[in-house]
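Peer 1: Input: one structure, supplied below.
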């Protein structure tokens, strides 16, 4: 059922909400940098460019360095879930930048593979810690009609971070200098977050209704008292009260606690859907190839500058993310998911078939597989990749959202760890191009699953979405 909710706020409301999301946007920029670090460093060491005393990594070392970040995100997510209710979204978003800064300093002075591993672990903790606070914050401060678009806009900054990092390296060809320059991002992020308001819903759960009302007013561009008090604020109170009404009921402590709620249908059903979604989003957006993109582009054999091709691929992702902002409200998440997943699957299958069976026209096929791969980069950023993280912010009920956002993000990154860690072994076992065929066929099964089980959440209130899964 389509939601009829429309709070009719002015342009000032959109501007105020966009301004409040500046902090999460910069956090996404930092995440883009952190995840791209291994791609740049592995490629730089393999090509003997600016090694500065570090030898090229072996396949085993590269797989660990590229995947350790994703292995340690659950630790960051666990720490986040334990501290989020107490400190709130704003403070937790500030804390997430500390290990990021430390990792960049260590990268600059790194003289051993062990130090690279330690930096990857720290970045994993930083990325994991940021997932719950930033995702839950975006879901709670945005109007239903703007949530999808603003979350898509926030996701664009992930690609902006990757693009900045790859461009800086393509220009300087010095990976140590690149990480030093990138360290400015978390510093700026902390400064912005000090000026960011808390979530009104979190303030309500802490028994501060007046402060929550004032904060909501700021987030809605200071509309008249009647505008936000009579509609959205009362619904917000009702929503938070509903999720907490049994807090003091001793008869069902397990069912009403945050952890006990994980066993309820409205929590485990969307959680199951989210894990399946993240699996196929990662698989068809090529997360398993990311740390090895320099080697992937080299294997394709097209006569291109690999560093700038890498930057161009991130540029395409950025453009795709921007287009998502304007399409998501018109086409909906369900249509974008099915269409982009199918296109990516078909492109992957074509890459695999061309690479294995069309081997007598190398100049043509090298360009063709590169174009197909860049097409999947663009299409995945247009649909399945950003939508996975939008769903994370909106499909869980209020009481369990802090835990489920953190746990969902952690499981997503854990899936990425296994994909990246064992990709090289799979590639050696089945052949490089056959991995594309395998992943593409898997994507077709994913499209069938989402056709039957993925609901449309666009322009729905959080309450309506929660009711769907009951």
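Heads up, the Cβ atoms here are built off N, Cα and C, so glycines get one too.
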Peer 1: Kindly point out the range from 239-262, 335-358 that TrEMBL annotates with transmembrane segment.
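Peer 2: Going through 239-262, 335-358 one by one, TrEMBL flags 335-358 as transmembrane segment.
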Peer 1: When you get a sec, could you say which of 291-309, 310-328 is annotated transmembrane segment by TrEMBL?
Peer 2: 310-328
Peer 1: State the non-local partners of the transmembrane segment (403-424) in its own chain: residues 6+ outside its ends, Cβ under 8 Å from one of its Cβ atoms.
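Peer 2: Long-range Cβ neighbours of the transmembrane segment (403-424): 59, 62-64, 66-71, 73-74, 76-78, 80-81, 84, 124, 127-128, 131-132, 135-136, 139, 258-259, 262, 267, 270-271, 274-275, 278-279, 282-283, 287-292, 388, 392-393, 396, 435.
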Peer 1: Using Cβ distances below 8 Å and needing 3 or more such pairs, separated by at least 6 in sequence, tell me whether the transmembrane segment (436-454) contacts the transmembrane segment (335-358).
Peer 2: yes
Peer 1: Tell me, please, if the transmembrane segment (177-196) and the transmembrane segment (335-358) are in contact, taking contact as 3+ Cβ pairs under 8 Å between residues separated by 6 or more positions?
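Peer 2: No, these stretches are not in contact.
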